[in-house]
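Asks: Dropping the structure in here first, questions after.
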Amino acid sequence: MDSLQDTVALDHGGCCPALSRLVPRGFGTEMWTLFALSGPLFLFQVLTFMIYIVSTVFCGHLGKVELASVTLAVAFVNVCGVSVGVGLSSACDTLMSQSFGSPNKKHVGVILQRGALVLLLCCLPCWALFLNTQHILLLFRQDPDVSRLTQDYVMIFIPGLPVIFLYNLLAKYLQNQGWLKGQEEESPFQTPGLSILHPSHSHLSRASFHLFQKITWPQVLSGVVGNCVNGVANYALVSVLNLGVRGSAYANIISQFAQTVFLLLYIVLKKLHLETWAGWSSQCLQDWGPFFSLAVPSMLMICVEWWAYEIGSFLMGLLSVVDLSAQAVIYEVATVTYMIPLGLSIGVCVRVGMALGAADTVQAKRSAVSGVLSIVGISLVLGTLISILKNQLGHIFTNDEDVIALVSQVLPVYSVFHVFEAICCVYGGVLRGTGKQAFGAAVNAITYYIIGLPLGILLTFVVRMRIMGLWLGMLACVFLATAAFVAYTARLDWKLAAEEAKKHSGRQQQQRAESTATRPGPEKAVLSSVATGSSPGITLTTYSRSECHVDFFRTPEEAHALSAPTSRLSVKQLVIRRGAALGAASATLMVGLTVRILATRH
């Protein structure tokens, strides 16, 4: 590792001025850190994906209808459920990493609680769609037998959706604690784990690396547990008890519960939550507006791209079985290769967010540039490898020579597409770390749905380029998106991003409250401070009214660490607003249930 850093130092010595301007100082150390952080995250993503693959493999041996049903069910669950939860929970990438990088680490626990409540509410509209799976599929002219079995699978999967949401949220809770723990005395910001952020701290202690592994590897272990349970359950329910598609759905549910319970117990038993958890707090009901201002763009940023792939598969189904099969093969290749930039994207998001939370804009820029340069090299290698193996990859998935020939024609285009898509993915991590998801959502929406897909449809159906036309349109899309992300981040105001990170972590409001509370005189008529006699360490701060809250289950230090919400709502306001949110979500579910009943009768 020292040699890597020495190499970078030589580059900055003047032998290659152009390279020294491109490569940030400390690039070797930062690249190693990103790889160490994203490596387990890559394995975690692969293991999550494997649960659905195993279900498909078991049902594939039952027949074509069963295989089509499970494939369609997994796609429906992902598009109408999982993608929404993953997108909304991506707000935690910004909020948790920035809060953990700040001195106000207990705020991470509040964000976890807030995210759990929001995602549970979002389950209700998703369930409304799940209830009407068969009717939706028939509306799109899918096979009746396939639609019926797909409905069975999705109905069984309904209780598994909140479990998947919770599992994803717990994973983000760990991911965004970064290079963790135990080095308070080394950090210039009094922030555990941030000493590595500075070039002067060129090597990691074994203790810090061991503690870092405690944060990242539990996710991988939970994925291993989930896959083992899934394999055994599928064998028992599908192959032994002959429950068919229903058995596969039950196996999926069981595995989701198993890995979620394992991860939760691991966090509690290993006490990984102590630094960031101050107990249940009513503050999780506050500040939903800022949360949604990040969550909705995050969801759109992810779902826009995710849904574009599904639309592409649907369009290929309108052509022929050969085109659809070739698209399915390329989709599987794309999914596997995407896991690498996705893991690195999460690592970059964590590093950038923690650095901004610690007000270290130099390190934030270093992490962003290092991540982008790393993925450029990796994606070029992968793209070249895919092009070289274009005639062999198709044989892994099928024996049909027509499909294999078509796949080999399209893979060179996909290999170029992968390079730009991977760069976009890592830039997405930079945008999440800086809290700029809205720009990413706008770029993805424009490039995919105004440029990429329309161009792909034109080339596919009008120019008659078939599947090649679709991927050429997608290539134009990611090329333009990459150009937009490069231009935007080059002009990004990192100091302003650090100030916004201070707001996200709750430090700004806390500092204002503390500074104002110490002023004498008439200021107290606006903001009053009351210190309890029994616990002088607890300060109860109120804005323009004398409402206060004491949690006797917290220590004085923990209560002091929790920040005041940006705009505190009264109990009455909370009941009205959160009750309205619950009512709206419940009404959506009731509408879905009503539609199902009426459609079934007719």
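Positions of Cβ are set from backbone N, Cα and C atoms, glycine also.
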Asks: Same side of the membrane for THR29 and TYR488, as recorded in Swiss-Prot?
Replies: yes
Asks: I'd like to know if the transmembrane segment (290-309) touches the transmembrane segment (154-174) in this structure, counting it as a touch only when three or more C-beta pairs sit under 8 Å and are separated by 6 or more positions.
Replies: no
Asks: For the transmembrane segment (220-240), give me same-chain residues lying six or more residues beyond its boundaries with a C-beta closer than 8 angstroms to one of its C-beta atoms, as numbers and ranges.
Replies: 40, 43-44, 46-48, 50-51, 54-55, 58-59, 62, 167, 247-248, 250-252, 254-256, 258-260, 262-263, 266
Asks: Determine how many residues of the topological domain 'Cytoplasmic' (270-289) DSSP places in helix, in strand and in coil.
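Replies: Split by secondary structure, the topological domain 'Cytoplasmic' (270-289) comes out as 6 helix, 0 strand, 14 coil.
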Asks: By DSSP, what is the split of the topological domain 'Cytoplasmic' (349-368) into helix, strand and coil residues?
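Replies: Per-class counts: 17 helix, 0 strand, 3 coil.
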Asks: Within the topological domain 'Cytoplasmic' (88-119), count helix residues (DSSP H, G, I), strand residues (E, B) and coil residues, in that order.
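Replies: Each residue of the topological domain 'Cytoplasmic' (88-119) counted once, the result is 26 helix, 0 strand, 6 coil.
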Asks: I'd like to know if the transmembrane segment (120-140) touches the transmembrane segment (579-599) in this structure, counting it as a touch only when three or more C-beta pairs sit under 8 Å and are separated by 6 or more positions.
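Replies: Per Cβ check, the transmembrane segment (579-599) touches the transmembrane segment (120-140).
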Asks: Given the transmembrane segment (443-463), which of the listed stretches 290-309, 328-348, 403-423 has the most Cβ pairs that are under 8 Å apart from it?
Replies: 290-309
